Amino acid sequence: MPATTGPQDVSGRAGGPASTERLHVAIIMDGNGRWAKQRGMPRVLGHRAGVNALKRTVEGAQSQNVGVLTVFGFSTENWSRPPQEVSELMGLLKAYVESDLERLAKAGVRVRIIGRRTGLSPDIAEVIERAERRTAQNSEFVLQVAFNYGGQADITDAARAFAERVERGEAKASDLNEKTFEQFLSTASAPPPDLIVRTSGERRISNFLLWDCAYAELVFQDVLWPDYGPEALAAAIAEYRGRDRRYGGVAADDVAVAG
């Protein structure tokens, strides 16, 4: 990724124990439907409870040395859900921005929305643009919401954008490498995630940050998303801190033994 500053400059690529620098944590917020079902509630109430969990987690992340928090809000595959549920999920983004935007802005939070804007209704597109515009100058903390996002779609869109530059004579095929390609991803302005968390006990990444997660540590937690908050996040970060990030190399102790 291009060099970054402020809260985005959160991790290095030297091997060894997980860094104590500010982190980029990404969360697959899973379990809203099961949470509601366990309580005999409609799924929509699970999603609403999930918004409250997001608010708690954003606040907790800011005090846990997290510089960037990326959350999976709505995937490109979620359009296949019942229309009423899709409408509710769209409305929740709008409600969250309208209720919390000023508080986030005053707290120094920069809001970024990654994913395709095509297919979104004008009112949702306007809310997204307003949130990004209102917080564009903030640098204390980055809240990145993946909305109408899919990892495969992001890679496809990036490939298409580069191909279009070649067609216009602005680039050559030989210009393409990992570094130049990732500049076309919607995630280009943030560093790769250090830690990807999935809640609910499921153990898969579900088309989330496919390019970006190459060297991320994965933590799977059994807690359903509406029950999530600062304590669960702290537990995930503690597990991450105990790991040895090698980036394809070997641990320092292994090198010493081999020598």
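Using N, Cα and C of the backbone, Cβ positions are placed for all residues, glycine too.
Here is what Swiss-Prot says about this protein:
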- Asp30: active site (ACT_SITE)
- Asn78: active site, proton acceptor (ACT_SITE)
- Asp30, Glu217: Mg(2+) binding site (BINDING)
- 31-35, Arg43, His47, 75-77, Trp79, Arg81, Arg198, 204-206: substrate binding site (BINDING)
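On the structure: features taken from Swiss-Prot.
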residue	record	Cβ contacts under 8 Å, 6 or more apart
Asp30	active site	Arg198, Thr199, Ser200, Glu202, Ser206, Leu224, Trp225
Gly31	substrate binding site	Gly46, Thr199, Ser200, Gly201, Val223, Leu224, Trp225, Pro226
Gly33	substrate binding site	Arg43, Gly46
Trp35	substrate binding site	Gly46, Ala49, Gly50, Leu224, Trp225, Pro226, Asp227
His47	substrate binding site	Asn32, Ala36, Glu85, Glu88, Leu89, Leu92
Thr76	substrate binding site	Gly115, Arg116, Asn148, Tyr149, Gly150, Ala153, Asn207
Trp79	substrate binding site	Val86, Gly119
Ile205	substrate binding site	Ile28, Gly151, Ile196, Arg198, Cys213, Leu218
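Mapped onto three states, the DSSP output places Gly31 (substrate binding site) in coil. The CA atom of Glu217 (Mg(2+) binding site) is located 25 Å away from the CA atom of the residue listed as 'active site, proton acceptor'.
Residue environment of Arg198 (substrate binding site) contains 24 other Cβ atoms, counted within 10 Å of its Cβ in all protein chains.
Spatially close to Asn78 (active site, proton acceptor) yet at least six residues away along the chain are Val86, Leu89, judged by Cβ distances under 8 angstroms. A simple way to gauge crowding: the CB of Glu217 (Mg(2+) binding site) has 21 other CB atoms within 10 angstroms, across all the protein chains here.
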